[in-house]
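What follows is one structure encoded as C-alpha cells, with my remarks underneath.
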Amino acid sequence: MAGLSHPSVFGRATHAVVRAPPESLCRHALRRSQGEEVDFARAERQHQLYVGVLGSKLGLQVVQLPADESLPDCVFVEDVAVVCEETALITRPGAPSRRKEVDMMKEALEKLQLNIVEMKDENATLDGGDVLFTGREFFVGLSKRTNQRGAEILADTFKDYAVSTVPVADSLHLKSFCSMAGPNLIAIGSSESAQKALKIMQQMSDHRYDKLTVPDDMAANCIYLNIPSKGHVLLHRTPEEYPESAKVYEKLKDHLLIPVSNSEMEKVDGLLTCCSVFINKKTDS
C-alpha cells in the first residue's frame, strides 16, 4: 500500500503541543540507567528555549500544557499521541505510571478539532517515541514500551499508510537512534543496533530513502519542519553536546539549521522529538 503524503507537505505544521516539565522529573522520571542528576533550573531553561524556537522563531501556534507533579514524565508529550493529518491516536503508554498523561493531551487535541481515536485495548501498548512517520509510511518499533497489538491499532487508525514493525532491543524507543531529517531523509545513529534497524526498515519499504548517518545515536533524534516562510528547518543537538554529529548536520546546506540544547532531558532518556506533538491544521479558504 502506497502512502499518500506529498513530499512538499511533509513536515508542515501550524501548531505544536508541549508540556512544562515538573520538578518531580528530577527524582521520579523513568530512566533506563541511574546516571547524573537532572539540573531542574537548567532543564526548565532548555525547555523554554525549545518552546521559544517553535513559537517565536518558527511562528507555530504553541499550545502549552501545565506541568503535573504527579506525572514526572509528562513533559514527554510525544509518547501519548500520534497525529497524522486530521486524526490523533491517543496512545496507551507502555509504562503504567504514564497512562494518566493522555487525559490532558486528549483535551488539547479535541480543542484543536482533530478526529480523536483512543487506544482502549488493555492488551495494547504504544509510545509515540516508537513511531516514525516518513510522509509515505509508518515504522513502529516493537520495544519494552510498544507491542504488536499497539502497532496493529495504529495501522487500523491510519489506513491510508503502510505500517511496518521494527524490533528495538537495545534502546528505549525506535526514535532513540533515528528520525526524519527531511522529506526523504532518515537520520540514523552509527551503533550496530541502529544500523540493523535501518536495514530492516529498508527491507520492509517499497521506497528508497536517503540516509544521514551520525556518529551518536542520541543525536540522530532531530526535528524536521517545512515552514513556508523558512523552507526546510532542522532542530538538532548542539556542537557542545555532540560535536561530531553536529558536523554532519552542518553539511545540510538547504536546511535552516537550529542547534538546540537538551542535556538535562537526555539524562532521563528524553530527546528532541519527545517534547512536542505537531499538528498541521488546514486553514479555511
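Keep in mind that glycine also has a Cβ here, set from the backbone N, Cα and C atoms.
Annotated features, as they stand in Swiss-Prot:
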ACT_SITE  HIS173  active site, proton donor
ACT_SITE  CYS274  active site, nucleophile
BINDING   LEU30, ASP73, GLU78, ASP79, ARG98, ARG145, VAL268  substrate binding site
BINDING   CYS274  Zn(2+) binding site
MOD_RES   ALA2  N-acetylalanine
MOD_RES   SER33  phosphoserine
MOD_RES   CYS222  S-nitrosocysteine
MOD_RES   CYS274  S-nitrosocysteine
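Projection of Swiss-Prot feature records onto the structure.
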{"residue": "LEU30", "record": "substrate binding site", "Cβ contacts under 8 Å, 6 or more apart": "PRO72, ASP73, ALA95, SER97, ARG98, VAL268, ASP269"}
{"residue": "GLU78", "record": "substrate binding site", "Cβ contacts under 8 Å, 6 or more apart": "GLY128, GLY129, THR273, CYS274, CYS275, SER276, VAL277"}
{"residue": "ASP79", "record": "substrate binding site", "Cβ contacts under 8 Å, 6 or more apart": "ASP73, THR91, PRO93, ARG98, GLU101, ASP127, GLY128, GLY129, ARG145, CYS274"}
{"residue": "HIS173", "record": "active site, proton donor", "Cβ contacts under 8 Å, 6 or more apart": "ASP127, GLY129, ASP130, GLY141, SER143, ARG145, THR146"}
{"residue": "CYS222", "record": "S-nitrosocysteine", "Cβ contacts under 8 Å, 6 or more apart": "SER179, ALA181, ALA187, LEU234, LEU235, HIS236, ARG237, TYR249, LEU272, THR273"}
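In this entry, substrate is bound by LEU30, ASP73, GLU78, ASP79, ARG98, ARG145, VAL268, whose most widely separated C-alpha atoms sit 15 angstrom apart.
Each of ALA29, PHE76, PRO93, ALA95, ASP127, GLY129, ASP269, GLY270, CYS274 belongs to the same chain as LEU30, ASP73, GLU78, ASP79, ARG98, ARG145, VAL268, is absent from that list, and has a C-beta within 8 angstroms of the C-beta centroid marking the substrate site. Every protein chain considered, the tally of other Cβ atoms within 10 Å of the Cβ of VAL268 (substrate binding site) stands at 23. In this view, CYS274 (active site, nucleophile) is surrounded by 25 other Cβ atoms within 10 Å of its Cβ, with every protein chain counted.
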